[in-house]
Amino acid sequence: MTNEKDVKPWVVRIILIVGGILGAHRLYLKQVPEAFVFFSTFGVFLIGWLYDSFMFKYEVDAYNQLINLNKENKDKEKWKNGRLQTAQSKFVEFSLTRFLYSVLYGLYIGIGTWLACTLTFGWTDINSIPFVSVVALGITAGVYIIGHCGGQSRELSFIWISSFSSMFLMVRVFQSAVFRSIFIASIVSTLVGNRTAKNKRSRHTWRHFLFWSSLFMMLVCVILLGCSRKIGEKQITATRPGSFRETTSVGSLMRDRIFDSKKVYSFFEGNPIIEYSISDSSQTERSTASKKSNSFWQHVWSGELFDELTGAAHLTKIDWVELTMTFIVDVLRAEARVINKSSTVEPFKWALWRNYLIHRFSLDPLVSDDQIRSECKKWQQEQNQKRESSEKDFSMIAAKRGCATFQS
């Protein structure tokens with residue numbers, strides 16, 4: 001702090017434009033926890049970046065004012081540094097906004113940790129102590145980092161103990177869903193952490209930022225690795241006239257598309273019938289899940305949405321995996337058709353319209369092309385009987401265009 005100079009607003013403006021989404025301007029102002037929050041949330045989902053674009057001058061003024069104050073009171077603070085910190089620690093006011101930020105960010109990191117555990121490592125047993133410990137560690141990290149924003153600090157040990165104990169009680173004792181448990185644990189750890197709040201200037205440096213960013217990127221890579229593994233290991237079979245069947249995996253098709261595209265085009269040559277490997281238990285779960293009519297937020301709060309995302313509760317079928325898998329296969333199929341000159345529709349466009357029709361007609365992600373054609377024909381017959389329907393019905397227009405594109 002001895003050689004620090006006032007920060008120029010135009011310098012912060014340039015840094016904000018170039019790397020503000022990743023928190024570079026906050027890091028320049030030595031707001032390390034805030035910089036990491038920006039980095040891990042892509043500029044707080046762009047909203048924080050837009051906010052700082054208009055309000056960054058106030059942050060610069062506060063930073064310069066703090067530098068000047070420290071220079072004036074340098075000797076005085078050295079004399080009674082301990083007594084000054086003790087006095088300041090008694091005057092931390094409760095902030096509802098800060099409380100909400102802490103809960104939401106703890107929930108965000110906790111869910112990310114949960115996804116990494118279930119998608120990549122296959123930890124579907126939520127009652128195990130290692131699972132509870134790792135998820136509680138993610139919640140603790142989120143609450144701790146928010147607690148050190150704005151010139152305040154929190155005790156890490158208290159946050160960790162409250163996070164782990166609340167997760168343990170919710171999962172093992174009350175048999176609660178994982179999402180609900182993470183949410184409650186975020187609230188409890190935030191409340192306990194606020195009891196240890198102190199007005200204390202953060203001593204974090206750019207090294208802390210690099211360490212936290214490395215851990216977060218590792219978490220993201222683990223999640224992506226788990227997603228790619230679940231998609232790549234799926235089996236696909238192409239059946240041609242004459243009962244000739246050829247089976248491969250989606251991962252092999254994606255690899256061949258990069259290194260040897262001729263293998264991919266030969267696999268889809270002749271527009272074969274595509275079948276996906278699926279167990280009987282998955283079909284049963286699909287039929288029972290389709291009968292549920294809960295709202296989206298009820299689906300989230302009950303934990304069913306995240307069970308579908310992670311494959312928790314011993315599910316063998318994951319909808320988002322099947323949707324992603326079929327979309328990748330559809331793009332490759334459409335490319336092969338264009339190469340063989342049996343179609344002129346852009347592959348990405350054809351695959352998007354096919355997935356739209358699956359959603360529009362509430363079909364299974366693994367539905368065959370013949371079933372989609374049958375649904376399109378049935379829908380067109382119904383529309384012909386409803387001549388009074390308005391041409392401004394965008395849903396009808398989209399379905400009509402989707403059927404035309406798919407059948408072309």
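Using the three backbone atoms N, Cα and C, a Cβ is placed for every residue, glycine included.
Keep in mind that TrEMBL annotations are predicted by a computer and have not been checked by a curator.
Looking only at the domain 'TM2' (7-54), the predicted model's pLDDT averages out at 92. Taken from TrEMBL, the feature domain 'TM2' applies to 7-54.
Positions annotated as transmembrane segment by TrEMBL: 12-29 (among others).
Residues annotated as transmembrane segment in TrEMBL: 35-51 (among others).
The transmembrane segment feature in TrEMBL is assigned to 99-123 (among others).
Sequence-remote contacts of a segment are chain residues at least 6 beyond its ends whose Cβ falls under 8 Å from one of its Cβ atoms, and for the transmembrane segment (129-146) they are 33, 36-37, 98, 101-102, 105-110, 112-114, 117, 123, 154, 156, 159-160, 163-164, 167-168, 171-172, 178, 182, 185-186, 189-190, 193, 212. For 129-146 (among others), the entry in TrEMBL reads transmembrane segment.
Here TrEMBL flags 181-197 (among others) as transmembrane segment. Tertiary proximity for the transmembrane segment (181-197) is limited to same-chain residues at least six positions away from its ends with a CB under 8 Å from its CB atoms, namely 89, 92, 94, 99, 102-104, 106-107, 110-111, 114, 135-136, 139-140, 142-144, 147, 152-155, 158-163, 166-167, 170-171.
The transmembrane segment feature in TrEMBL is assigned to 209-226 (among others).
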Note to self: Per DSSP, what is the helix/strand/coil residue tally across the domain 'TM2' (7-54)?
What the structure shows: 40 helix, 0 strand, 8 coil
